[in-house]
Amino acid sequence: MALIRKTFYFVFAVFFILVQQPSGCQAGLEFSEPFPSGRFAVCESCKLGRGKCRKECLENEKPDGSCRLNFLCCRPRM
């Protein structure tokens, strides 16, 4: 009985830890605008993967070209 309870708590703890981890592009969703298809612009890269398509560039980024639907290609400032 105690082994079943410990196993349940272990599985619950692992599940809780995994749910807390953001995956892929979800970490930056507060800076994104959804496309009509449901995809988020922050997930798309531009300039050979060196920039991100955003509606507005962050303070530590500079605009470098444009993406579709009036989005800017934002690259980190050097």
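Heads up, residue numbers simply count up from 1 along the chain you see.
Placement of Cβ uses the backbone N, Cα and C atoms for every residue, glycine included.
Shown in sequence order, Gly51, Lys52, Cys53, Arg54, Cys57, Leu58, Glu61, Lys62, Pro63, Asp64 are the residues of the chain, 6+ apart in sequence, with a C-beta less than 8 angstroms from the C-beta of Cys74 (disulfide bond). What Swiss-Prot records for Cys43-Cys74 (among others) is disulfide bond.
The disulfide bond annotation in Swiss-Prot covers Cys53-Cys67 (among others) and is backed by similarity to another entry. Around Cys67 (disulfide bond), a 10 Å sphere centred on its CB holds 19 further CB atoms from the protein chains shown.
The annotation disulfide bond is assigned in Swiss-Prot to Cys57-Cys73 (among others). In three-state terms derived from DSSP, Cys73 (disulfide bond) belongs to an extended strand segment.
The annotation signal peptide is assigned in Swiss-Prot to 1-27 on the grounds of sequence analysis.
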Item to check | Rounded Cα-Cα span from Cys67 (disulfide bond) to Cys73 (disulfide bond), Å | outcome: 6
